[in-house]
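Student: Before we start, here is the structure in question, set down as structure tokens.
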Amino acid sequence: MYWTDWGEIPKIERAGMDGTNRSMIIDKEIHWPNGLTLDYAQQKLYWADAKHNFIHRANMDGSNREVVVKGELPHPFALTLYEETLFWTDWNTHSIHSCRKQTGEDQQVVHSDIFSPMDIHVFSAKRQSILVSSPCSVQNGGCSHLCLLSPVEPFHQCACPTGVQLLPGNKTCRDGATHMLLLARRTDLRRISLDTPDFTDIILQVEDIRHAIAIDYDPVEGYVYWTDDDVKALRRSLLDGSDSQFVVTSQVNHPDGIAVDWIARNLYWTDTGTDRIEVTRLNGSMRKILISEDLDEPRAIVLDPRRWVHVLTQVSNSVYLCLLSGTCTGRTGARCLRSSVRTWTGVSVWFWSTRRSAGPTDSLWTTRSANCTGGDAKTDKIEVMNMDGSGRQVLVEDKLPHIFGFSLLGDFIYWTDWQRRSIERVNKRTAEREVIIDQLPDLMGLKAVSVHRASGTNACSELNGGCSHLCLFTPRGVICGCPIGLELVSDMKNCIVPEAFLLFSRHTDIRRISLETNNNNVAIPLTGVKEASALDFDVTDNRIYWTDITLKTISRAFMNGSALEHVVEFGLDYPEGMAVDWLGKNLYWADTGTNRIEVSKLDGQHRQVLVWKDLDSPRALALDPAEGYMYWTEWGGKPKIDRAAMDGTGRLTLVSDVGRANGLTIDYAERRLYWTDLDTTLIESSNMLGEEREVIADDLPHPFGLTQYQDYIYWTDWSQRSIERANKTSGQNRTVIQGHLDYVMDILVFHSSRQGGWNACAATNGHCSHLCLAVPISGFVCGCPAHFLLNGDNKTCSAPTSFLLFSQKTAINRMVMDEQQSPDIILPIHSLRNVRAIDYDPLDKQLYWIDSKQNVIRRATEDGNQSMTVVSSLLQGPGSGSGPGGSGLQIYDLSIDVFSRFIYWTSEVTNVINVTRTDGSRVGVVLRGEHDKPRAIVVNPERGYMYFTNLQERSPKIERAALDGTEREVLFFSGLGKPVALAIDNELGKLFWVDSDLRRIESSDLSGANRIVMADSNILQPVGLTVFGGHLYWIDKQQQMIERIDKNTREGRTKIQARIAYLSDIHAVHELDMREYSKHPCTWENGGCSHICIVKGDGTTRCSCPVHLVLLQDELSCGEPPTCSPDQFSCSSGEVDCIPHAWRCDGYPECDDSSDEQNCPVCSEEEFQCDSRQCVDMKLRCNGEKDCQDGTDERECEVRCPPDQFSCSNGRCIGKHKKCDHNTDCSDNSDEVGCYPTEEPPPPL
């Protein structure tokens, strides 16, 4: 066989077809040897070189080299021949060519216009003629598998598939590999036979491997098992990749180590996300948590079920020796090793006979010793020690940059190295080292296995040890284990579903205890629990609910830990109390931080605040839905126990002379309340009215949680670190259920008797559209989500149409001015990073916001649905405001044009005003100037204008322009510090703004006239304002509050809400009048305009374009501007296309549409721009003389005359004695105004 090699030394080689007798036959004048073909008749070798552009030939041994074609081949690729003709493909000509094979003459194009011609062959029997019989043609040469021809005697060899040994006799192959390495790479699995010296890796044909980590093997059934951190699953397949299955997929966070118990048929794994070790049957059934405490990122795990142990490593510098039942030697495991272990990524165990000196042995485990071997990726060592941690010694410490996978088979230890990208092995006795594979990236775990050998036995191998579910082997014999949710009965063999059991929450987990054995303390497999507090359940749905104080969430999951979800995750502070309404399918909670009691459906929907007034640190909460009452405790200045109907009405204090009452629970059969008192350290009881109080237990160190079931009460004691029980009436027969439990927060008994009864909400939700709330007497009332209103049918609800929105850094809130409603709620919108500004579209009922952390404008409905990005640097085109290379928009403010469905927004990067449609498509830039810095913006599409602040250095302005950026005029350029927010009121025809530097709020007419100060005292850091109803509202970021004032009288200043951190914006939402909306000419099809529709004063429309387009002659559509010469200006529309640049901004419109006089450049920063666009020196501003031809340099001047002089309205200063002297000294007569209350002032002189 012959082949070309493009490597560092380009060449053509040949070898026997069995791979022997390899030799290099061509290595001179060769660079890119592409095509290669043989002339069997003349025994010639032909090849093409794409670098040197030739076709050569030689004898079969490389001698007698000749040129066939040279210099006329652009890029030859493949060659073939037939009889006297040579054919080849060419990449450059996209053709098939031919010539005479002897001389290269008679060149022809056989076929052309081939997109990418690659290989080529002539299909003919003559190319594969059988001239002589082959040694392999008769009975495959006697070979069981492959018969390979050879150029030397006996002219053939028998061969085996890769990795399979040839048996003595050299004819028959073994039935597959007997020893192999199983290798996990990030995105594939591979096997490497250890039976043959080539160590070739073969990929297992398994799909969708995302991030494989650890790998193991079951020699009984032949399945490979592995963990996948990206898919978050445990998987398996056969060695050939077939029968791929997902074994465990739920409640898997970051699966790492994996180990097969081939005797008991169990599968063990570690999870660094949940910090647990778990076990299932090999098919994924009967899952059980073995260890969930005192683990800090458990990693590698290895088993020896013959000796009942598994060894695991974890990141917290420890190696543990544990029983297969999950019980570690000592309380949490015998640390084989703790000191000086940094990051053991792999661990293995080997055993040997005390009667032999070398090699693995099959002798009984009782006569064997054992060693633990580990690889440390931090210290770069391979070490060995005895199983008790003694005898530790270094086996390898040279050139081990980053060990990851680690395994042992026979006399060899195998490992993967991330940095060297290699697989190596070392003899565990002689320390002789060998590289198996080099330069293979993304190496993860590996396992060295005997493919068909399953050694050892134990009591679990026969009839599963007599266990109904899991058989776990220990030194004491078999221990039967139960899957999550089942309990072991008294025969210690069979598992059943218990009738009742205790549930309790601690900071980092929720656990259950059998009421029968009292010692079956099992964690419910929940991920991500940080600080669990209140706990309850829904027996019909088999779900538990809990609050998390650190995460500030309320979550739920099924009793087996699956389907975990946050049902409430906004607006919580310290939700210390929580209870399930099992009849109405509602969830109630008390928040000590917000001082509210709230309700929602069990899935968190239709949330409503029930009690928010006069609450002082509400804590424990209990429900009696059959009677329609809820009960709670308060821990504030005057602790008490209160009651109200479950809709929050009819509030009544039941117990006032009490300490900090907790663990409030109800005995539904006997109709009594029970609670613990943290201050008096008692457990007390009363009837349902707080009367007939009795002390049940009074010698308790620190009682906390409490529940009741049948004849007993159960409580937790923080000092005793215990769960105890006693008779519910006498307090006698006290029993410790379980000890050594730190900070048990809540406790309850899971049993159907704790959730009995009936009310009208249990049937079809009381026919309520949202909430059905139980109440006494009438049975129920229908309730609505916060700020919704109950309709006249008393069944359905209507969403609010007018309200305030205000934003904080990571939240957007809704507020209503209704004393019957809780004033504000946080809207359930996810992924808010740094909200800068907000607006609302009342037509689609969509909320829009700028997130300055993500540099985007996003939108969503008020319930958080339909969330999407509307504006980002990726969605906007050239000139949209993105930075260099689209590096970021730094969006400052936004405003919605509800009629044209446009978003106007400003950018701090390119200092322009952009327009984007509400569907995210770009319109373009409408305002741009050399010195412009537009920031705050508000549009007034009812009148066709937009208002914006222009924060030019040393000369901030408030300006107005048409919605296309034309008709631009400066409203205010003096008396401004830093105007940061604008608001308009079309009802009054007013413009409002807030100035953060001057710390005041001002207003004017929409034209800029009648400027007045609305408020200027005790304002520290105003950042936003809006008009709602008859009031002007603003937010003060420094004082963390929202205030308002009467927009007409400037009186009645009131603090609306305080202690709101990180305030950023406020916006008023008004109900959209659909009649007025439909009358607006831009509502329907954007007024016929392709881009911008603007309403004119007479109620008609005009169409316009962004700055990069011009209005076409149909006056509806926008198109590319005409191509004018460099010294010309392009008119936006009209008959005239181009005018000389010298005519631009000369005060005389030459374009038909006057576009040559629009958006003219402003004067320099040292000059003042007159309204007539005349530029005068800034020093001449307000000097009492008209330097502008139109006198605008003397308008709105703040004149400061000396103390002994009077300031005229025109800016002139006169002596104070001339004021009211019956002589007009000011040219504007202002010195004589207001002087004569009973008579008219004299006319100007």
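Just so it is clear, glycine is given a Cβ too, placed from its N, Cα and C backbone atoms.
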Student: Going by TrEMBL, tell me which one of CYS1151, CYS1160, CYS1182, CYS1188 is disulfide-bonded to CYS1170.
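Tutor: Of the listed candidates, TrEMBL names CYS1188 as the partner.
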Student: Which cysteine out of CYS1182, CYS1197, CYS1201, CYS1235 is the one TrEMBL pairs with CYS1220 in a disulfide?
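Tutor: Among CYS1182, CYS1197, CYS1201, CYS1235, the cysteine that TrEMBL links to CYS1220 by a disulfide bond is CYS1235.
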Student: If you follow TrEMBL, the disulfide involving CYS1163 connects it to which of the following: CYS1151, CYS1175?
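Tutor: Of the candidates CYS1151, CYS1175, the one TrEMBL pairs with CYS1163 is CYS1175.
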Student: Let me make sure I read this right: TrEMBL says CYS1145 forms a disulphide bond with another cysteine. Which one, out of CYS1131, CYS1138, CYS1160?
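Tutor: Answer per the record: CYS1160.
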Student: Taking the Cβ of CYS1175 (disulfide bond) as centre, how many other Cβ atoms lie within 10 Å?
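Tutor: The answer is 15.
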Student: State the mean pLDDT for the repeat 'LDL-receptor class B' (901-943).
Tutor: 95
Student: Pop the Cα-Cα gap between CYS1163 (disulfide bond) and CYS1197 (disulfide bond) into the table, whole Å please.
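Tutor: Between the alpha carbons of CYS1197 (disulfide bond) and CYS1163 (disulfide bond) there are 19 Å.
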Student: Which whole-number value in Å describes the distance between the Cα atoms of CYS1160 (disulfide bond) and CYS1175 (disulfide bond)?
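Tutor: Distance between the two Cα atoms comes out at 12 Å.
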Student: Counting other CB atoms within 10 A of each CB, which of the disulfide-bonded residues CYS1170, CYS1213, CYS1226 comes out lowest?
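Tutor: Relative to the other disulfide-bonded residues in CYS1170, CYS1213, CYS1226, CYS1213 has the fewest Cβ atoms within 10 Å.
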Student: Could you say whether, by DSSP, CYS1213 (disulfide bond) belongs to a helix, a strand or a coil region?
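Tutor: Once the DSSP labels are grouped into three classes, CYS1213 (disulfide bond) ends up as strand.
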Student: Using Cα coordinates, what distance in whole Å links CYS1235 (disulfide bond) and CYS1182 (disulfide bond)?
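Tutor: So the Cα of CYS1182 (disulfide bond) lies 26 Å away from that of CYS1235 (disulfide bond).
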Student: Closest of the disulfide-bonded residues to CYS1145 (disulfide bond), Cα to Cα, picking from CYS1163, CYS1201, CYS1208?
Tutor: CYS1163
Student: How long is the line from the C-alpha of CYS1188 (disulfide bond) to the C-alpha of CYS1175 (disulfide bond), rounded to the nearest angstrom?
Tutor: 8
Student: List the disulfide-bonded residues among CYS1182, CYS1208, CYS1213, CYS1220 whose C-alpha is within 10 Å of the C-alpha of CYS1175 (disulfide bond), in sequence order, or say none.
Tutor: none
Student: If you measure from the CA of CYS1170 (disulfide bond) out to 10 Å, which disulfide-bonded residues from the list CYS1163, CYS1182, CYS1201, CYS1220 are inside that radius?
Tutor: CYS1163
